[in-house]
Amino acid sequence: MFPQSLIDRILAELLAQDVAATDTDPALVPVGVSNRHVHLSRPDMDALFGPGASLTRMKAMKQPGQYAAAETVTLRGPKGDIGKVRVLGPLRKETQIEISVADGFTLGIKPPMRMSGKLDGSAGLTVIGPAGSVTKEAGVIVALRHIHMRPEDAVRLGVKTGDSVDVVVSGPRGGVMHNVTIRSDEVSATEMHIDVEEANAFGLQNDALVRVRKV
């Protein structure tokens, strides 16, 4: 087992290399692969983990202020359950559950492909925690791939929030991802978000660099 200090130093060096590469060529952006996860509202947090419960910060994420929590829940649909689904913090105004297409088959639901926050008419399921459960009539989506981008990077690339770009992937499973939406604001770190299915299809892992191409 390697000491945590060594692991942290190696990760910091790798991240610094990614930042240096993207500063040299703004068209290169790092990838963040999202597995199934849940964002909870305050009322649902109370119902699942007990009144006044708070999330336990486990690991910081690249997007400022966001983190993976130690807490997990079980998702229950008409056809099955998926356990140990990570909760991400901080709490949100509305509960949002992001899963893959394959997860939808396991659960027996058909979540729409949506951008984060677009929950009207989305799928529902039951979320089970250690202190109780909540049944959501909506809130389940398959997240559309997108790129969070610092404003200065967006300016250098000549793109803005809402623009659709192509992303070119190199390697044995390389190809082009179309219909990738830009999301740029002052609190964003530049990073492309895809789900596990997309990552597997293109042979990508966290922190891999891909190239943005305007269309």
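Placed from the backbone N, Cα and C atoms, the Cβ positions cover glycine too.
Given the structure is predicted, the values throughout are model-derived calculations rather than measurements.
Per Swiss-Prot, the feature CoA binding site maps to Val33, Ser34, Asn35, Met61, Lys79, Arg86, Phe105, Asn200. For His37, His39, Glu98, the entry in Swiss-Prot reads Zn(2+) 1 binding site. Taken from Swiss-Prot, the feature phosphate binding site applies to Arg92. According to Swiss-Prot, the Zn(2+) 2 binding site annotation covers His146, His148, His193, on the basis of similarity to another entry.
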By Cβ count within 10 Å, point out the most packed of the binding-site residues listed: His37, His39, Lys79, Arg86, Arg92.
-> His39
Near the Zn(2+) 2 site, what residues other than His146, His148, His193 in the same chain have a C-beta no further than 8 Å from the centroid of the listed C-beta atoms?
-> Gly32, Arg145, Ile147, Thr181, Arg183, Glu191, Met192
Quick note, Glu98 (Zn(2+) 1 binding site) and Met61 (CoA binding site): C-alpha atoms separated, nearest Å, by 16
Smallest Cα-Cα separation from Arg86 (CoA binding site) among the binding-site residues His37, His146, His148, His193 is shown by His37
His193 (Zn(2+) 2 binding site) and Val33 (CoA binding site), Cα-Cα, nearest whole angstrom | 6
Measure from the Cα of Arg92 (phosphate binding site) to the Cα of every one of the binding-site residues Lys79, Phe105, His148, then give the nearest.
-> His148
Whole-Å Cα distance, Lys79 (CoA binding site) to His37 (Zn(2+) 1 binding site), is 19
Of the binding-site residues His146, His148, His193, which sits closest to Asn35 (CoA binding site) by Cα distance?
-> His193
Identify all same-chain residues not among His37, His39, Glu98 whose C-beta atom falls within 8 angstroms of the centroid of the Zn(2+) 1 site's C-beta atoms; report them in sequence order.
-> Ser34, Arg36, Val38, Leu88, Gln96, Ile97, Ala143
Consider the binding-site residues His146, His148, His193 and say which one has the Cα lying nearest the Cα of Ser34 (CoA binding site).
-> His193
For Phe105 (CoA binding site), the three-state DSSP class is helix
